[in-house]
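This report refers to the structure that appears directly beneath it.
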Amino acid sequence: MYEELAPNARVWKVYNDELDKLDSDRVEDWRDGLDALLVLGALFSAVLTTFVVETSGRLDFDWGEFHAQPLDVALNVIWFISLVLSLGTALSAVVAKQWIHQYIAVPTGTPQERARIRHFRFMGLEKWHMSLIIGLLPMFIHLSMALFFVGLLLFLHELSLAIAIIMDVLTFTILSLYLASNLLP
């Protein structure tokens, strides 16, 4: 009686095979996106660090009459926030990749036990809103880059108005293309 639901019944093997296909597609999409975020986050953080080093030196002072310029303070606040967002996104991507690795690891046991473990893991991903978290990570990199560009434009306005105007136009064009590509489809 109830042999069709026995631990080694065919139904569990079919269930596991079908969900393995579904999971592999989902996980492949997540991994590709997270890998791209990690590369972008690392490169962007390296570039951003150069600017932070350049401008943070302006905040160095002796205890005499020196006062940091408000623009220098604003630049450093903007760029440090941008750096923290970029590094935080990279860290979150690494953690998400670890979650994915644990999710797809094939457990030992009967097909029924494997199905139960897979379902338990799947419910954990649902409870912790894994798809939403992975979907939001690019937003933090985008915000980080937007802050970087704001800081860059402020920095350039201090150096040269001619260069700043050219960069304003270029940045506005890039921002317009970005918004159009995200809002139109």
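Residue numbers in this text run from 1 along the chain shown.
Every residue gets a Cβ built from N, Cα and C, even glycine.
Just so you know, TrEMBL annotations are computer predictions that nobody has curated.
These features come from TrEMBL:
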- 12-61: domain 'DUF6535' (DOMAIN)
- 65-157: domain 'DUF6535' (DOMAIN)
- 34-53: transmembrane segment (TRANSMEM)
- 73-96: transmembrane segment (TRANSMEM)
- 128-155: transmembrane segment (TRANSMEM)
- 161-180: transmembrane segment (TRANSMEM)
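For the transmembrane segment (34-53), the residues of the chain that approach it from at least six positions outside its boundaries are 76, 79-80, 82-83, 86-87, 89-90, 93-94, 96-97, 100, 134, 137-138, 141, 144-145, 148, 151-152, 155, judged by C-beta separation under 8 angstroms. Note on the transmembrane segment (161-180): residues 142, 149, 152-153 of its chain, located 6 or more positions outside it, place their CB under 8 angstroms from a CB of the stretch.
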